[in-house]
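One structure is given here, and the rest of the page talks about it.
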Amino acid sequence: MIIKSDNFYLVLIFTSVISSCVFCIGFFPYATFKELKQDENKFGNFSQINRTVLMIIDALRLDFMDSESFSYVHHLLETKEACLLKLFVSLPTVTKPRIKALTSGTIPSFLDVAMNFGNDEMKIDTFLHQLHRRKEKIVLAGDDTWRMFRFFDRDYANRDSLFVNDFYEGDKNVTTSLRLELKRNDWKLLILHYLGLDHIGHVEGPFSKLVPPKLKEMNDVIKLIHLKLLEWNKNSMKKSILIVTGDHGMRDTGGHSGNSFPETHIPLLMIGGSCESNRDKFYKQIDFAPTFSIMNGLPVPSSSIGSIIPEMLVNLSSLQKLSVLEAVNQRLVEMIKDSDEHEELKFLFRKAKTFHQMFIKDFTSKNAYERAESGYLESSKKISEILSQGSMDVNLLQVLLGLVLNILIAITILIPCDFATLKDVKLSFESFILFILCGIPLKFLILNEIFQEQNDFKSFFMLIIMSIALRIVIGILKAKLERFRGFKFFDNDLLYLLLLGHFFFAVSVGSSSFVEEEHQIWYYFCNTMFSLFAFFEIRGRKNPNATVSAISRCIPFLLLHVVIRRMNQTGDRWISLPDLSDWLHQDANQHWLHVSIVISLIASSAWLLRIHTSKHLIVPFVIVGNILLYFHHTRTINNRNDIPITTLFWINLCIIVTIDLVTNINKNPTKRLNFFVVFFLFSLLLHQPQNVIMPFACSVSCWFVNATCNNIIKNMNERIIAKIILHIWIGKLFYFYQGNSNSLSTIDVNAGFVGQMHVHLPIVFIFSTINTFNGQLISLFLLIIHLIEESKRLMNDSAIITRLFFKWLSILTIIPTTVFLIVITLLRHHLFIWSVFSPKLLYDFFASALMLLIMLIVKVAVKF
Amino acid sequence: MQVISTIERVRLNYAASTIGFIVLYTFTVATFSAEFLKLWLHSIYFIVAEMIKLVIIQKYYGLDLSYSQEGVRKKRSNKVGDSIKFAVLMIMTIFFYAFICVIMGAPPLTHVEETLTLSSLLTALTIFPISLFIGVSGTLGILFTETFELVNVTSQEYLKLLQRNAYLVIFGAFIGSIAFPLDWDRPWQAYPIPNITGAITGQMLGCFYCFFETMVRYKLGKKYR
């Protein structure tokens with residue numbers, strides 16, 4: 001195998017992505033669940049439940065329960081026919097992992113957030129499995145995420161249940177299925193999953209005027225079920241119950257998956273059985289599964305680490321209750337490791353057990369009962385806490401392997417070398433074999449001993465991959481060291497400022513505040529640079545007229561940034577402050593939203609026509625495209641899914657592409673510009689209405705930076721480096737301008753569904769990616785265009801420009817990632833590791849992978 | 001006994017008096033409450049301080065202020081006109097700094113008083129001493145032409161000192177913003193305070209640097225002489 005010296009950086013970023021991947025897999029392990037053999041008798045069979053309706057209302061926030069729309073529920077709560085409990089859910093607050101937690105009583109891997117749409121079978125034991133084993137019938141209606149359970153007897157799951165623009169249809173289907181099932185009596189568990197509320201939240205936010213009617217609808221469904229329950233319970237010893245809960249909450253801006261209070265705190269409503277309300281205490285979501293199993297007389301799910309919600313078990317006698325608590329406690333105690341720090345908990349358990357024995361001897365001793373109960377509850381709660389932390393232990397070996405390789409890559413990439421004489425790296429097959437052969441004893445004899453790893457196929461596969469990657473990196477490192485030359489210093493102070501800024505960004509990830517508020521860094525640095533550049537532009541003019549024209553260009557440009565940085569509040573601390581997009585979306589200000597869309601579209605089309613070289617044919621189509629976009633964005637402000645218009649828009653885009661292919665077939669390739677036009681129009685389509693200005697503003701910023709760099713930096717190498725850094729910065733800047741952040745809840749899922757009737761997951765994925773990383777993509781596109789211009793101007797420096805492009809893009813991606821990996825490894829016991837650092841790690845990994853993809857495309861398709 | 005040259009004396013004098021004023025300022029702020037920072041008083045304080053410094057230095061050393069470019073500086077024939085020009089320059093500078101603050105993220109509609117406080121302080125520490133020293137037209141010359149020099153070496157040294165301090169003040173105010181995103185919820189993290197602190201720290205560091213630089217130069221000078 002030969003690696004050409006031109007491809008070094010590409011190969012390095014590729015290996016970096018691989019090693020980050022290994023790091024991520026190690027960092028978010030699929031928890032190795034400790035399954036306990038269940039002795040069914042241990043829990044006794046106290047089942048007093050006939051059948052259960054489990055009604056999940058997606059994204060049901062705690063404060064929605066206070067809404068006037070839940071009038072029937074309030075009535076039930078007053079007459080004590082229902083009771084309200086509060087649950088605390090763990091991260092990430094996304095449907096699939098939360099359903100897993102709710103049903104199995106354990107905390108699934110954080111990485112489930114990435115697999116949220118996948119449909120692999122649920123392997124962990126749940127109360128559904130338990131029911132299935134008893135040949136009880138389970139029926140599903142609603143979200144097809146539940147299809148990870150493969151044993152529903154009747155399955156009414158909606159086909160496109162994730163389609164966010166559907167507020168009503170899916171829910172109507174669920175209710176229809178519910179009416180059908182209420183007439184049948186053969187099922188034991190009926191699962192209803194209503195997604196309408198979540199969709200309204202994603203599109204409009206929790207304070208939308210569509211929310212109260214939706215809650216009213218849910219209230220009516222609850223009423224419907226409750227009336228039926230009364231009918232059933234009238235002549236039956238065993239009760240039938242309805243349980244209403246959310247899977248996760250909803251943050252004030254509408255999304256979820258983060259860790260704000262409204263996202264992580266949800267209500268749990270139990271209707272029909274006997275229970276007590278508790279409005280002060282928060283139980284954990286994982287406590288539900290064991291409690292529910294016991295209510296149904298089932299064994300606790302085998303990997304459950306939850307405690308018990310005693311309020312739901314009030315109809316058990318004191319003795320039964322204590323024996324249940326003892327059994328649950330017993331299995332929790334068996335699950336924790338033997339160590340001194342846990343001795344206290346075991347002591348607590350034993351003490352409770354003593355009181356339990358006392359109570360068995362003397363049933364009248366109320367004191368003993370109370371002390372036993374509180375002792376059991378306290379110890380189970382504490383053990384559950386420890387176990388839920390323990391289930392998130394990282395796989396240190398993989399983490400360290402990924403980290404070390406990444407550091408090695410970072411060092412390799414930073415070594416300055418004389419590029420012109422760099423030799424290609426020849427790697428023989430034997431050397432790979434040698435590396436793997438050396439790796440095997442190292443890993444299986446030494447490392448596995450130290451880290452207590454298991455020897456399985458996965459770790460063997462990982463070993464081979466890592467050995468190959470290591471061999472490649474070492475080969476490149478050696479080649480670079482052979483041609484080592486000292487550091488060259490830059491002439492221009494500006495470049496040091498830029499590098500210092502990027503270095504500050506790389507280091508700032510050590511502080512959780514700076515990770516949460518990363519946008520502030522880019523806002524600040526980019527605007528500093530813009531002001532400095534504007535100052536240079538104005539100062540550099542010789543005659544007064546030129547000065548005036550420079551001022552008249554720079555001031556509006558700077559003011560534009562002042563306005564659009566306030567378009568979407570993001571981050572964590574100040575996200576709740578009102579911003580321009582809130583203001584524009586108020587009913588009273590709708591006309592301003594229209595005005596802003598019109599202005600943005602006019603600016604965009606003017607911009608597109610200005611940069612485009614072969615005008616005449618494309619002009620009408622660009623204008624038609626923008627008019628269509630106007631209709632798309634204004635007619636569908638509430639519901640961005642207007643099929644006819646988007647279809648026309650696709651046709652329009654196709655025509656532009658066709659014109660492009662026909663007219664440019666023999667000419668010098670100016671195609672990239674036309675691709676840029678198409679991409680630009682496409683991203684206008686995906687953006688939210690208030691963000692339509694962003695692609696234009698991003699292009700203008702890139703153009704401004706490019707022009708100023710041409711004026712003020714004379715040395716070509718330095719100019720190109722400055723341009724690359726600044727374009728990357730602008731990409732980041734606009735990434736945050738459009739409302740993204742390092743929290744997973746700010747991803748705009750709506751963009752994935754624009755112009756589609758049904759859910760096609762790959763398309764949803766591609767659309768969301770293009771929308772989320774729109775700033776980066778546009779700025780990189782423009783960077784390439786600007787570098788091509790540069791090479792045209794300087795004629796023969798194409799090779800140098802290509803090398804600088806790959807080199808600096810890899811440096812700017814890999815160095816911050818490596819620093820972040822080091823930080824996150826050191827801080828893996830930090831309080832905010834799951835809420836702040838983990839989402840950032842996922843974003844970082846995804847961004848590096850995207851960068852690799854872009855670099856591959858550039859390598860293949862672009863010639864500077 | 002080695003005699004200290006005029007340049008060195010000017011530099012030491014400047015550094016010592018600036019540090020003195022900053023220490024006095026710190027004590028005042030510490031004695032009164034943090035409320036003191038919100039007032040315009042501190043800009044006035046630094047304006048007065050700069051004036052006193054200049055008076056002292058001019059009185060002892062009588063620095064010459066001729067430009068290299070335009071020959072001998074015009075005589076001050078029109079005092080009223082000059083002061084008006086001076087006032088206009090100062091107000092323009094204040095608004096310029098306020099504009100920069102807004103671009104860098106200061107809320108343009110709320111917090112106007114804070115922004116103006118910060119910008120007036122920056123003016124008092126940067127443009128004000130320079131234009132007090134060499135006049136309005138000289139200041140414009142520094143800002144818009146790259147080759148501006150005073151004929152007298154000592155005056156040029158002093159001007160350089162003022163310029164470098166101005167850079168450090170602006171850099172300090174820039175760096176001060178680092179305190180905002182941190183989630184410590186301290187009262188001093190409110191908007192203009194970190195920037196003001198940064199600006200003053202910048203000036204202080206400039207003076208220390210000047211102090212040590214002069215000492216080193218003096219030592220070296222003694223050795224080579």
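Backbone N, Cα and C define each Cβ position, glycine as well.
Annotated features, as they stand in TrEMBL:
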type: DOMAIN; residues: A:496-612; note: domain 'GPI ethanolamine phosphate transferase 2 C-terminal'
type: DOMAIN; residues: A:671-851; note: domain 'GPI ethanolamine phosphate transferase 2 C-terminal'
type: TRANSMEM; residues: A:7-31; note: transmembrane segment
type: TRANSMEM; residues: A:427-447; note: transmembrane segment
type: TRANSMEM; residues: A:459-481; note: transmembrane segment
type: TRANSMEM; residues: A:493-515; note: transmembrane segment
type: TRANSMEM; residues: A:521-538; note: transmembrane segment
type: TRANSMEM; residues: A:545-564; note: transmembrane segment
type: TRANSMEM; residues: A:616-633; note: transmembrane segment
type: TRANSMEM; residues: A:645-665; note: transmembrane segment
type: TRANSMEM; residues: A:672-687; note: transmembrane segment
type: TRANSMEM; residues: A:693-713; note: transmembrane segment
type: TRANSMEM; residues: A:805-829; note: transmembrane segment
type: TRANSMEM; residues: A:841-862; note: transmembrane segment
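Between the transmembrane segment (A:616-633) and the transmembrane segment (A:672-687) there are 3 or more Cβ pairs closer than 8 Å, counting only residues 6 or more apart in sequence, so the two stretches are in contact. Under DSSP, the residues of the domain 'GPI ethanolamine phosphate transferase 2 C-terminal' (A:496-612) split into helix, strand and coil as follows: 93 helix, 0 strand, 24 coil. Of the two recorded stretches, the transmembrane segment (A:521-538) lies close to the transmembrane segment (A:693-713), with three or more CB pairs under 8 Å once pairs fewer than 6 apart in sequence are set aside. Counting Cβ pairs under 8 Å to the transmembrane segment (A:805-829), the stretch among A:7-31, A:545-564, A:645-665, A:693-713, A:841-862 with the most such contacts is A:7-31. Of the Cβ pairs linking the transmembrane segment (A:693-713) with the transmembrane segment (A:427-447) and spaced 6 or more residues apart, fewer than 3 are under 8 Å, so the two regions do not touch. Contact count against the transmembrane segment (A:7-31) (Cβ pairs under 8 Å) is highest for A:841-862, out of A:427-447, A:459-481, A:545-564, A:841-862. Residues of the same chain lying 6 or more positions beyond the ends of the transmembrane segment (A:645-665) and with a Cβ under 8 Å from any Cβ of it are 614, 617-618, 621-622, 624-625, 628-629, 631-632, 635-636, 671, 674-675, 677-678, 681-682, 685, 754-755.
Mean per-residue pLDDT, taken over the domain 'GPI ethanolamine phosphate transferase 2 C-terminal' (A:671-851), amounts to 88.
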